Amino acid sequence: MSNPIYLALDVPRLRDAVALAEKVKAHVGGVKLGLEFFNAHGAHGVHMLSQIGLPIFLDLKLHDIPNTVAGAMQAIHVLEPAIVTIHACGGIAMMEDAKAAAGEKTKVVGVTMLTSLDEQDLGRMGFPGTPHDYVMRLTEAAHKAGLDGVVCSGQEIKAVHDQWKDGFFVVPGLRPEGGDIGDQKRVVTPRQARDDGASVLVIGRPISRAEDPEAAARAIEATL
Ligand SMILES: O=c1ccn([C@@H]2O[C@H](COP(=O)(O)O)[C@@H](O)[C@H]2O)c(=O)[nH]1
């Protein structure tokens, strides 16, 4: 089985991102380039990281009208990402058009509810109900729209997997036992997320901010 860990490269300088990926590449299955990286380094940065030889996950969380999101998907086609994220709450038509515009080898996954939010946050934004219900509703919509899968927290992955047996599921908000959770709220360990059905385990700061990132990645890999 391939390594499900994708390292989130949320570091400001391109050369630091490349050096970090080089350091841990034996212990991860791919790299995730998000808004911080892509807005700073764009396509050039993606090409630089591609040279390391790991699959690239573009975590762009696209969220706009269908025509605009489809155009963005076409624009990144040339970068051949293995995975791209869009926001599932952008609607069924937006998700359908995004999937249709993506390259054949690119998995398009819908972000359901950010792992930095909890039930209280939902209520404060005017959405009654639990994270579980919110995630399950958006998962159903993403499935209906023909996406490859969703992004959810490790607290919902089991239910999501039960509802969508052959889906592709990305789980961030992961911390080794006792790790600092920072701004994340719905958190589980990498091992629990994997056991409950995650396809991809997104891990950033527990590796990138460790004193010895290579040792941290190796230790997390050993728990799986
Ligand atoms: O719901 C979500 C969606 C995406 N992310 C991204 O994952 C990493 C997590 O980083 P850590 O340092 O391991 O907390 C980060 O790039 C987020 O943008 C998420 O956390 N939650």
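Even glycines carry a Cβ here, placed using N, Cα and C.
From a predicted model like this one, the values you see are computed outputs, not experimental measurements.
The following features are taken from TrEMBL:
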type	residues	note
ACT_SITE	LYS61	active site, proton donor
BINDING	ASP10, LYS32, 59-68, THR115, ARG175, GLN184, 204-205	substrate binding site
DOMAIN	4-220	domain 'Orotidine 5'-phosphate decarboxylase'
Report summary line: Hits among ASP10, LEU60, HIS63, PRO66, THR115, GLY204, i.e. binding-site residues with CB under 6 Å from ligand 1, come out as ASP10, THR115, GLY204
Query raised in the report: Long-range same-chain neighbours of THR115 (substrate binding site), Cβ under 8 Å, sequence gap at least 6?
Result: SER153, PRO172, GLY173, GLN184, LYS185, ARG186, VAL187
**Report entry** Whole-number mean of pLDDT values that fall within the domain 'Orotidine 5'-phosphate decarboxylase' (4-220)
**Finding:** 97
Report task. Specify the secondary structure state of PRO66 (substrate binding site) as given by DSSP, simplified to three classes. Result -> helix
Requested in this report: Looking only at C-alpha atoms, tell me how far GLY204 (substrate binding site) is from LYS61 (active site, proton donor), rounded to the nearest Å.
Outcome: 17
**Report entry** Nonlocal residues around PRO66 (substrate binding site), in sequence order (Cβ under 8 Å, 6 or more apart)
**Finding:** GLY90, GLY91, ALA93, MET94, GLU96, ASP97, ALA98
Report task. Restricting to the same chain and to sequence separations of six or more, state which residues have a Cβ under 8 Å from that of the residue listed as 'active site, proton donor'. Result -> GLY34, LEU35, THR85, ILE86, HIS87, VAL111
Report task. Let me know the DSSP-derived helix, strand or coil state of LEU60 (substrate binding site), please. Result -> strand
